[in-house]
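**Student:** For reference, the structure I am asking about is given below.
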Amino acid sequence: MTNYRTESDSFGEIQIEDKFYWGAQTQRSLENFKIGKQRMPEILIRSLAILKKCAAKVNLEFGDLEPKIAESIDKATSRILNAEFSDNFPLVVWQTGSGTQTNMNMNEVIASIANEELTGMKGGKSPVHPNDHVNKGQSSNDSFPTAMHIATVLATREKLIPALNNLLTALQNKSKDWDSIIKIGRTHLQDATPLTLKQEFSGYITQIEYALERIEDALKKVYLLAQGGTAVGTGINSRKGFDIKFAEEVAEFTKQPFKTAPNKFESLAAHDALVEFSGTLNTIAVSLMKIANDIRLLGSGPRCGLGELHLPENEPGSSIMPGKVNPTQVEALTMVCTQVMGNHVTVTIAGSNGHLELNVFKPVIIYNILQSIELLSDAANSFVTHCVDGIEPNITHINDLRDKSLMLVTALNPHIGYDNAAKIAKEAHKHGITLKEAAKKLNLLSEEEFNKIVVPEKMVRQS
């Protein structure tokens, strides 16, 4: 038999299954917003718990909370951070655009845990009240955006940066011995002048290095916290100096350089910092899409494609074509990239719709940003483990393609001029002969002169 308890809010009483710790406002949200299954991300819940812990500590320092109340809030948030109550945060993203119901979900659960410890009974509003104590000096309008920023920083530090560093190291290690492998370059998907395989991969390496730099630049504004602005940015019902001390507590707890935002009106009404950060994630997706597609093309084949790289064979690729193996890690990564690009469109539209004193698209903004961080992180790590680490060059085929390329003729430009070099290339292509044979046939160069000038090893460096 299911046991229920009665909770209440300004709308009256409501029944809640007694095994859960949330209160009336959370229950109403569950009943009023049966939309989708996209729950608030775990790291956002963790960030809200950090927020409430730090707020209680500051309120205690100011003398605005009794020690017994502050201590009970601190213990409750520690238990939440220890994942003891993960099933008590059930609300979906599709709720009020300020995130008020998730903020109250956290307030109610903390108060309920604290009350159970102090009285033996979960729920209720005494001795710990979800609004008067847990939410003291706060509004959902400043708390939720603060949690959004904390969650973005933590997810980036814990997942995305390590994943990109993992990919960077893998690309560096894989290509470090490829400086002697000279291959044909391609522009417009047509043959171009030679370069080394290491040089080609150095472009990918630099893209990832720049991605890491972009993240650090974009995080600078995300470190600024809205807490202390309360309802519309004026700080009503929040003690002077609360915002500064709060940011210091969060910085100490997370070991991240959080500071209070200098203008709380901007912090509540706009989410430009997160739109910018989403733009950085979008740029990273663009970079990874280019890298993955290049590796896909270079590994195409095995017999009728470019075939310059051997990609790891991880699983059967076709239900009808025996022996077929596909570049599945590339396909997974590029699908992730398209999702991240789409997420950025959502964040852009949501960020542009901050009306007057409050942007009310907060949940969808943070949901998409955190999803982008998670997908990019997981996909980068998977790409390293199941693709990059196992890539090997097909040296024989690389050499064969290079030596057949007509674009080696570019080395002749300084010696016989562009027009004569073009004649050699066209003659070779028209009659299916080598550049050397065409040069001799047209009486433009002797074999000895040709061999002295057209040296692929010399074409991959500036003279």
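Glycine is no exception: its Cβ is also placed from the backbone N, Cα and C atoms.
Sequence annotations record features per position, and here Swiss-Prot assigns active site, proton donor/acceptor to His188 based on sequence analysis. According to Swiss-Prot, the feature active site maps to Ser318. According to Swiss-Prot, the feature substrate binding site maps to 98-100, 129-132, 139-141, Thr187, Ser319, 324-326, an assignment based on sequence analysis. The feature site 'Important for catalytic activity' is assigned by Swiss-Prot to Glu331.
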**Student:** To the nearest whole angstrom, what is the C-alpha distance linking Asn326 (substrate binding site) and the residue listed as 'active site'?
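**Tutor:** Here the two Cα atoms are 8 Å apart.
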**Student:** Count, for each of the recorded positions Ser98, Thr100, Ser318, the other C-beta atoms lying within 10 angstroms of its own C-beta, and report the residue with the smallest count.
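**Tutor:** If we count Cβ atoms within 10 Å for the recorded positions Ser98, Thr100, Ser318, the smallest count is at Ser318.
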**Student:** Return the single residue from the binding-site residues list (Ser140, Thr187, Asn326) that has the minimum number of other CB atoms within 10 Å.
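**Tutor:** Output over binding-site residues Ser140, Thr187, Asn326: least Cβ neighbours within 10 Å is Thr187.
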**Student:** Secondary structure at Thr187 (substrate binding site) (DSSP, helix/strand/coil)?
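**Tutor:** It is in a strand.
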**Student:** For Pro130 (substrate binding site), identify the closest of the recorded positions His188, Ser318, Glu331, judging by Cα separation.
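**Tutor:** For Pro130 (substrate binding site), the spatially nearest of the recorded positions is Glu331.
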**Student:** If you count other CB atoms within 10 A of each CB, which of His188, Lys324 wins among these recorded positions?
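**Tutor:** Result for the most crowded candidate: Lys324.
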**Student:** So if I draw a 10 Å sphere around the Cβ of Asp132 (substrate binding site), how many other Cβ atoms end up inside it?
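**Tutor:** Result for Asp132 (substrate binding site): 14 other Cβ atoms within 10 Å.
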**Student:** Looking at the recorded positions His188, Ser318, Glu331, which ones sit with their CA no more than 10 Å from the CA of Lys324 (substrate binding site)?
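**Tutor:** If one measures from the Cα of Lys324 (substrate binding site), the recorded positions that come within 10 Å are Ser318.
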**Student:** List, in sequence order, those recorded positions among His188, Ser318, Glu331 whose Cα sits within 10 Å of the Cα of Ser140 (substrate binding site).
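**Tutor:** Hits: none.
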**Student:** Counting only other Cβ atoms and using a 10 Å cut-off, which of the recorded positions Pro130, Glu331 scores lowest?
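**Tutor:** So among Pro130, Glu331, the recorded positions given, the one with the fewest Cβ atoms within 10 Å is Glu331.
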**Student:** Could you find out if DSSP has Asp132 (substrate binding site) as helix, strand or coil?
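**Tutor:** The three-state answer is helix.
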**Student:** Sorry to bug you, but what's the C-alpha spacing from Thr100 (substrate binding site) to Ser318 (active site), rounded to the closest Å?
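**Tutor:** With the alpha carbons as reference points, the distance is 49 Å.
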